[in-house]
Amino acid sequence: MASENLNGASYLGVTPPISTHESNDREKEVTVTLMEELRRQNTFESEEEAKTREIVLGRVAALVKKFVKKVSMERGLSESAANAAGGKIFTFGSYRLGVHGPGSDIDTLCAVPKHISREDFFDVFEPMLKEMEGVTEVSGVPEAYVPIIKAEISGIPLDFLMARLALSSVPDNLSLKDDNLLRNLDERCVRSLNGSRVIDEILRLVPNVQVFRDALRCIKLWAQRRAIYSNVNGFLGGVAWALLVARICQLYPNAIAGAIVSRFFIIMYQWSWPQPVLLKQIEEGPLQVRVWNPKLYPADRAHRMPIITPAYPAMCSTHNVTASTQMIITEEFKRGAEIVDRVIIGTAEWSELFAKHDFFHKYRYYLQIIASTGNSDLQTKWAGTVESRLRQLVMKLEYVDSLVLAHPFIKGFDQVSFCLSEEEVRAVAQGEISDAIASRKKEDIDSKEGAGPVYSTTFYIGLAIEPKPPGSVGPRKLDISYPTTEFTKMVKMWEKFDESTMGIVVRHIKNTGLPDNVFDPGERPAKTVQKRVKGSKSSNTSPDLPNKRQRSSQSDLPLKAAENGSAPTVPGLSPVTEALPLKDIKAPQLPTGENAAVAMGTVTAQ
């Protein structure tokens with residue numbers, strides 16, 4: 001619902017717009033070049049792929065009805081009642097937002113009547129999916145936080161969620177807008193439904209959907225390239241980025257995409273966190289569920305960058321943000337503002353905004369977190385568990401003296417190593433992959449006794465260290481024993497953890513010890529390559545790592561603290577000035593006559 005200001009003019013959002021002016025000629029010109037660059041960067045799918053998606057969704061919609069009818073008749077309903085029971089699909093995520101790219105998945109919600117159970121979804125619908133023509137893979141994950149079936153149909157990846165509504169039938173004209181649909185549903189169904197409800201609300205609350213989509217496509221590509229697109233690792237996920245762009249669209253209802261992107265960076269850099277970003281006022285509803293409220297709940301008060309979903313019940317889409325990730329995101333807002341400013345005055349190209357991150361060049365010291373198993377299915381679950389808890393390690397590291405920030409990278413690096421002996425298995429679990437192991441193929445170990453694969457996923461955290469105080473002498477010590485030991489204890493508390501089949505290792509390495517697989521071809525600095533001595537294992541680690549333990553594939557921390565209680569040290573640390581905020585770039589400002597404070601409700605619009 002639109003609000004009204006004192007003059008009676010209506011607007012979308014919780015405050016009046018900053019400006020209702022249309023974009024100027026230069027902003028129109030840079031919007032044209034922005035769209036050209038987005039096409040060059042391959043962010044749009046082909047017409048052929050778009051048609052395939054529509055065909056696949058049509059077939060899936062028919063299959064959901066068939067599934068509901070089959071289970072209904074098994075429950076004793078007549079054929080006419082089983083037909084009337086219906087079943088409907090709703091898309092959400094990037095596809096529903098209209099900002100999906102080639103090969104991206106379609107988030108699909110299957111809304112079913114109350115006599116269809118979640119067990120039916122996995123026991124009946126999943127096998128029906130497997131029998132569909134053109135299906136290449138189907139895998140259900142019933143134990144996930146939001147239970148899901150992943151599938152690929154005619155080359156299109158889909159993620160299926162189920163919501164069991166408290167209705168005897170789900171008609172074709174059903175809308176999810178009514179809050180009362182959430183009554184008598186379990187939490188998993190509410191979560192599943194809200195994915196779709198949030199996207200519908202976002203699209204309803206922006207003044208111009210096409211401008212919103214064009215601007216969001218730009219911000220999404222920028223966030224991915226700069227490695228800050230990841231909810232699980234403490235950055236922002238797809239919904240949070242969409243909410244931020246939607247808010248800027250509300251503040252500039254008549255602007256086009258280039259102008260929205262320009263204002264986005266400036267306003268987000270200036271934002272007075274923890275002031276929340278809202279697309280509409282938070283509403284109460286019919287359920288006994290928690291709605292985001294920092295006055296009532298201490299956990300909500302602790303959110304550093306609250307970006308609130310507009311559908312009831314209002315939730316914070318950014319509860320994972322930490323002090324470190326907030327600093328990194330803010331630094332990227334500043335960099336983005338400076339580049340777009342130069343694009344508008346004609347001294348930079350849009351491609352500069354989308355330059356790849358420099359994470360593996362940025363720090364002198366990194367933490368390596370290596371999760372390993374001997375089985376690919378088990379590895380997916382174990383690595384996912386370790387990744388979901390990395391944020392806790394970052395938060396513990398933030399309390400370490402002389403650490404400015406702990407910067408998590410947004411994805412793990414998967415490797416399969418074919419090992420001939422128990423000794424090689426232990427070495428791989430410690431992150432020591434020799435050239436001989438790296439070049440070995442599966443057929444090289446077939447039928448050899450004691451040989452087998454090791455699946456490993458390695459995550460990285462960059463450590464930004466305070467510059468050495470003036471006048472201090474001798475090497476400094478960085479004690480990270482407590483956070484790293486606590487982290488490994490915590491991941492081992494996972495109820496499915498098995499000491500004999502799962503390994504977890506945390507160790508610190510210098511930038512010269514980073515493996516080749518974190519760099520693109522030709523990206524690695526030449527001097528780093530020279531420092532690596534072929535066949536030397538110790539060059540790959542910090543000097544104070546202990547000798548391998550007997551069962552290192554299940555060891556805790558290959559740091560001295562984990563062995564004998566002494567503090568691990570990183571000797572002779574040098575300043576990591578690149579990791580600190582960009583002091584040489586002036587603070588970005590809005591054009592004359594525009595005031596970001598309007599967006600935060602601290603002043604009234606002119």
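Every residue gets a Cβ built from N, Cα and C, even glycine.
Per TrEMBL, the listed range annotated as region 'Disordered' is 1-26 (candidates: 1-26, 469-494).
Non-local neighbourhood of Ser94 (ATP binding site): His100, Gly101, Ser104, Asp107, Lys220, Gly238, each in the same chain, at least six residues away, with C-beta under 8 Å from its C-beta. Each residue of the domain 'Poly(A) polymerase central' (211-356) gets a DSSP state, and the totals for helix, strand and coil are 74 helix, 6 strand, 66 coil.
Straight-line distance linking the Cα atoms of Asp159 (ATP binding site) and Asp105 (Mg(2+) 2 binding site), rounded to a whole number, equals 7 Å. When Cβ atoms from all protein chains are considered, those within 10 Å of Asp159 (ATP binding site) total 18, not counting its own. Counting every protein chain shown, the number of other Cβ atoms lying within 10 Å of the Cβ of Ile106 (ATP binding site) is 23. Of all the binding-site residues listed here (Phe92, Tyr229), the one with the fewest other CB atoms within 10 A of its own CB is Tyr229. For the Mg(2+) 2 site, the Cβ centre of Asp105, Asp107, Asp159 serves as reference, and the other residues of the chain with Cβ at most 8 Å from it are Gly93, Tyr95, Ile106, Thr108, Lys150, Pro157, Leu158, Phe160. In this structure, the CA atom of Val239 (ATP binding site) is 15 Å away from the CA atom of Asp105 (Mg(2+) 2 binding site).
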